[in-house]
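What follows is a single structure, written as structure tokens, with notes after it.
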Amino acid sequence: MTQDLFQIAGKTYGSRLLVGTGKYKDFAETRAAIDASGAEIVTVAIRRVNIGQTAGEPSLLDYLPPSEFTYLPNTAGCYSADDAIRTLRLARELLDDHKLVKLEVLGDPQTLYPNVRETLKAAEVLVKEGFDVMVYTSDDPIVARELEQIGCCAIMPLASLIGSGMGILNPWNLRLIIEQSKVPVLVDAGVGTASDATIGMELGCDGVLMNTAIAGARDPIRMAHAMKLAVEAGREAFLAGRMPKKLYSGDPSSPLAGLIAAK
Ligand SMILES: CC(=O)[C@@H](O)[C@H](O)COP(=O)(O)O
């Protein structure tokens, strides 16, 4: 079997599942779910989760030490390029000159849909400042191409709205983005259950980023494990290459030669 490396900004990872750290009961549950998911990259909303900004409060860093996980600070809650840039500069300070970030600039609080104009603006600045930018975007292949040209190290189109659990709404657009991209493409946001993650991977995504599907499950730890298996299964199926689709007709599974004659 050929080696199947997953690389982001020059670093190799064993898991293609990236997970968020929000919406859990407490940091202990966050840690248990992330362990069950096998994720190595964890994203953290700098504006919402304490990683040292608020002295005296419990810090996520105590539960998910940066020596064990790759942090992916994100700009959740930012609605302008300026806000997002400021937030990621703060993250870089808090996390010792950390460069790998997730850029998301949202359009409005109802849909949380990406504002692509502000996203492109922020990406330009952040890439110039030396950040490795994994970018959350719409499933528009033209915007995805522009973000890659700017120098983003991963393109992360939504499956559907953040937190909606609606799954992959436009597999065809995802396919176009995957086919044209030279950097990794990860589906981000909207995964509802394990099969959504598998479909994303079967389409050829390099990875999946999710939060709510795990944290919002009745049993988050168990769902985290399901997502680990789902991403692995989808990747294996993609690499194996699915059987060709045919017109709708039957095809016997067993050999036709040497049939025992009926008496
Ligand atoms: C955690 C994070 O970065 C979210 O903004 C992300 O987009 C996940 O979305 P879901 O919660 O829908 O999985």
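Including glycine, each Cβ sits where the backbone N, Cα and C put it.
Annotations in TrEMBL come from automatic prediction, not curation.
Going by what TrEMBL states, the 1-deoxy-D-xylulose 5-phosphate site holds ALA189, GLY190, ASN211, THR212, and the candidate of GLY151, GLY163, GLY241, GLY250 recorded there is GLY163.
In this structure, of the recorded positions LYS102, GLY163, ALA189, GLY190, the smallest number of CB atoms within 10 A of the CB marks GLY163. In this structure the C-alpha atoms belonging to LYS102 (active site, schiff-base intermediate with DXP) and GLY190 (1-deoxy-D-xylulose 5-phosphate binding site) are separated by 16 Å.
Remark: of the binding-site residues ASN211, THR212, the most isolated position is THR212 (fewest other Cβ atoms within 10 Å of its Cβ).
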